[in-house]
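Q: Below: one structure in structure tokens.
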Amino acid sequence: MSLSVRDLTVHYGSFAAVRDVRLDIADGEVLALLGPSGSGKSTLLRAIAGLEPATRGTVNWDGEDLAAVPVHRRGFGLVFQDGQLFGHRDVAANIAFGLRMHRVPRAEHAARVRRLLDLVGLAGYERRRVTELSGGQAQRVALARALAPEPRLLLLDEPLSGLDAGLREQLAIDLAALLRRSKITALLVTHDQEEAFTVADGVAVLDGGEIRQEGAVRRVWQGPADDGVARFLGVTTFVDGVASGGSVRTALGEVALPEVGDGPVRLGLRPHALRLAGSGGAGSGVTGFGVAGEVTAAVHRREHLRLVVALGLPEMSTVDAVAPVTADLRPGDTVRLTLDPDGIAVVG
Amino acid sequence: MTPRAVLTARGTGLALLGVLPLAFLVVFFAWPVVAIVGRGFTAGGVGAVLGDAATWRLAGFTVASAAASTVLAVLAGLPVAYLLARVRLPGVGLVRTLVLVPFVLPTVVVGLAFRTIWPDGGVLSLVLANAFFNVAVVARTVGGLWSQVDTRAAEAARALGASPWRAFRSVTLPALAPAISSAAAVVFLFCATSFGVVLILGGARYRTLETEIYLRTVDLLDLSGAAALSLVQFAAVVAALVVGAIARRRRDGAARVRSGVDGARRPRGGEWWVVAAAVAVVGLLLTPIVSLLVASVSTPDGWSLAGFRALAGTGVRGTLQVTGWEAASNSLRAATDATLLAMTIGVLASVVLVALRRAPGRLARGMGETMDAALMLPLGVSAVTVGFGYLVTLDALPGDLRTSPLLVPLAQALVIIPLVVRMVLPVLRAVDVRLRQAAATLGASPGRVWREIDLPLTLRSLVAAAGFGYVVALGEFGATSFLARPDAPTLPVAIAGLLSRPGELNNQMAYAACALLMVVTVLAVVLIDRFGAVRGRSAVGEF
């Protein structure tokens, strides 16, 4: 019960949108396909669904080549970014559509529709018209509809991108729980790292039509393969250092990273890797006295104050950093920053 | 099977579906036309006609007057389309129905009505009369798409600072372009091959290719001259179709159908001017109709229903071989058969065309465009040529088609099929591909997708096309007059017969028959519109 993609290449005219992709999804695994827009991730998903003909390469399910299997016989469910609910049917009829196509006895429809609506948290919505649903509700119905025929693989094409932030976060958590509970094998396409990390077990980073890195979520997050992947995963500053005895010494100070082997190392810093000295953070990992600089910009965020700080160092003129929401800092103020291992990725 | 093999298998299925429309076109259109033109060639003298400057003046006049009528019909049709699609006012439903009436009036009758307004005929009355017929084509075709075009794009333009007129011109108009160019192509063909109107209004001075072909075939028995002119007409029509196809290709996909939204509302501000223009157009359209209705109940001795009573008889000294009522029932039966036939062929053809266009590869697209244009050809070839061709070729087919009651419906279907395709195709094409893909991933086979997604979404335009086709068949005169046996005329043929024989009662009876035709038409359109709306509400939901 697993998907394996080998050397898959998809062309639009002479342009290779997806190039030599190799991908595996094990039974019950949720893999996120993460990449910036235009990276080919949706094309890859559509090729797996059978909606886009491959130039070469194979898509296998349990060793069976799917090249000759048309979309409707692949048994792969698909949720589009904008739902694509059938406007001429109500919620129940949308969900029952796949049941009818798979010749599930009509008597079972109502019960299964009810169970699916319970699952996505929309109990009692059977007779609603889909045009009356909010964006979040529509996506829940789309999910229920895709799950109804019990697909062997669920393909999610940016299912939450059209929703507003708060709702997106909640739905991502719900989706993660639902997929785990029902042990569904799924491929999630997204450009949102948080969504990928919330929902998926593993992640494949796609850029320019090629897979740059694939692995467990935490490993990719903490150890991006190169600067490009690191940048896409939120790293804004790179700094080279030397590790010895579980600690890395850099131009910005010293930081405890017990898992790094001795020798030269390249660190990628996310904004919260540099914190206002004395402001706590993860605390225990902060060592040394940090580095001094001058605030050039300060923006309030929900959980912290986001700073741009000019350091006057030859290799990096400004860095991103964070301070507690309560810190009253303005451009021109002098601050001292210390490294927090929580926001640091080891690149390469 | 490789992916290529899957594509090939899909292609084979498409080809099988495409065979029926193509076979119909070949047997009932291409073959008769080629046969009759071929006879002209074997008779010799085609070259001389083609070299004659008069032939080209004739062609020039045909194209120019048809183009003028087309422009006029589009200009008059757009405000009405707006009214039908975007305005919520009492009486709009009535307009939707009324606007169709001119389109189905027998051409002979309209010719007469316009001659009473401009007794000396002339180019202007000719152009006006042809436009008069076709405003409905523009209003209904464009209105149909307009009511489904997403209003939010225009609203976005307004928010960006565009005036209502600017937003219309730069957002809505391009979205409507496929429907407008479709409608314009159909109208142009109707005008370029218009027969009855030109015959009556043009007189001896203004002749088009169509009337000249008729004259040479029927009066002068000059088959080679007629064949040469048919070729010229054909070439002009093909040229127009190519231009239309190029325009369509460039603008294709501009319109996105958005379901679940009713864009109709009370007009505001300057929009009232458009409504006023639409009302003025409808008023002008109704003038000849009203005068016709008045004529049907007035005699020199005052109001009378004598004409209607006379429908139970056969006219002065048996002008007709059947009663007026029998002619009416002939009309209904022929139109029903023609509509069933045309819907089958036309919808199949539309499905194949859309599938070809969505298929990857240049070959499929090219085939689709060729077939698209080929389906329009029947509109561009003289009904006289087709009618004569039937008489020459249909003997060779099994069954006695020439005397079969199916002969007239076959010819009428040929006239309706292009209309059906033009009305169904844009809506079918505008169905979101991803909606179909969603259905496929849920396990729907390609055929099932058509039934579950495309059919419900296009049901309304299917019903509209059927209704439109039905009333066109009811009013069809050119080919029918040539093919209907004297003992089984349709109503328009009977009307022409009555008018050709002098006699007050015959005139009365003809006017009454016209009135009857109009009433039947209006009833049919009302019923079909209602049916479409009711079915639409339950099955299509938001439509």
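Heads up, the Cβ atoms here are built off N, Cα and C, so glycines get one too.
The following feature annotations were taken from TrEMBL:
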{"type": "DOMAIN", "residues": "B:59-242", "note": "domain 'ABC transmembrane type-1'"}
{"type": "DOMAIN", "residues": "B:328-529", "note": "domain 'ABC transmembrane type-1'"}
{"type": "TRANSMEM", "residues": "B:12-38", "note": "transmembrane segment"}
{"type": "TRANSMEM", "residues": "B:58-85", "note": "transmembrane segment"}
{"type": "TRANSMEM", "residues": "B:97-117", "note": "transmembrane segment"}
{"type": "TRANSMEM", "residues": "B:123-142", "note": "transmembrane segment"}
{"type": "TRANSMEM", "residues": "B:175-203", "note": "transmembrane segment"}
{"type": "TRANSMEM", "residues": "B:223-247", "note": "transmembrane segment"}
{"type": "TRANSMEM", "residues": "B:272-295", "note": "transmembrane segment"}
{"type": "TRANSMEM", "residues": "B:338-356", "note": "transmembrane segment"}
{"type": "TRANSMEM", "residues": "B:376-394", "note": "transmembrane segment"}
{"type": "TRANSMEM", "residues": "B:406-428", "note": "transmembrane segment"}
{"type": "TRANSMEM", "residues": "B:461-484", "note": "transmembrane segment"}
{"type": "TRANSMEM", "residues": "B:509-528", "note": "transmembrane segment"}
Q: Mind checking which residues of the chain, 6+ beyond the ends of the transmembrane segment (B:58-85), have their Cβ under 8 Å from one of its Cβ atoms?
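A: Distant contacts of the transmembrane segment (B:58-85): 92, 95-96, 99, 123, 126-128, 130-131, 133-144, 146-147, 180, 183-184, 187-188, 191-192, 194, 206-210, 212, 229, 232-233, 236, 240, 263-264, 274-275, 277-279, 281-282, 284.
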Q: Quick one: do the transmembrane segment (B:376-394) and the transmembrane segment (B:461-484) reach 3+ CB pairs under 8 Å, ignoring pairs fewer than 6 apart in sequence?
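A: Judged by the Cβ rule, the two regions touch, with the required three close pairs present.
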Q: Considering only the recorded stretches B:12-38, B:97-117, B:175-203, B:223-247, B:461-484, state which has the highest number of Cβ pairs under 8 Å to the transmembrane segment (B:272-295).
A: B:97-117
Q: Quick check for me: are there 3+ Cβ pairs below 8 Å between the transmembrane segment (B:97-117) and the transmembrane segment (B:223-247), leaving out pairs under 6 residues apart?
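A: With fewer than 3 qualifying Cβ pairs, these stretches do not touch.
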Q: Who are the long-range neighbours of the transmembrane segment (B:12-38) in its own chain, taking Cβ under 8 Å and residues 6 or more past its ends?
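A: Residues 223, 227, 230-231, 344-346, 348-349, 351-352, 355-356, 359, 371, 374-375, 377-378, 381, 385-386, 388-390, 392-394, 397, 410-411, 413-414, 417, 446.
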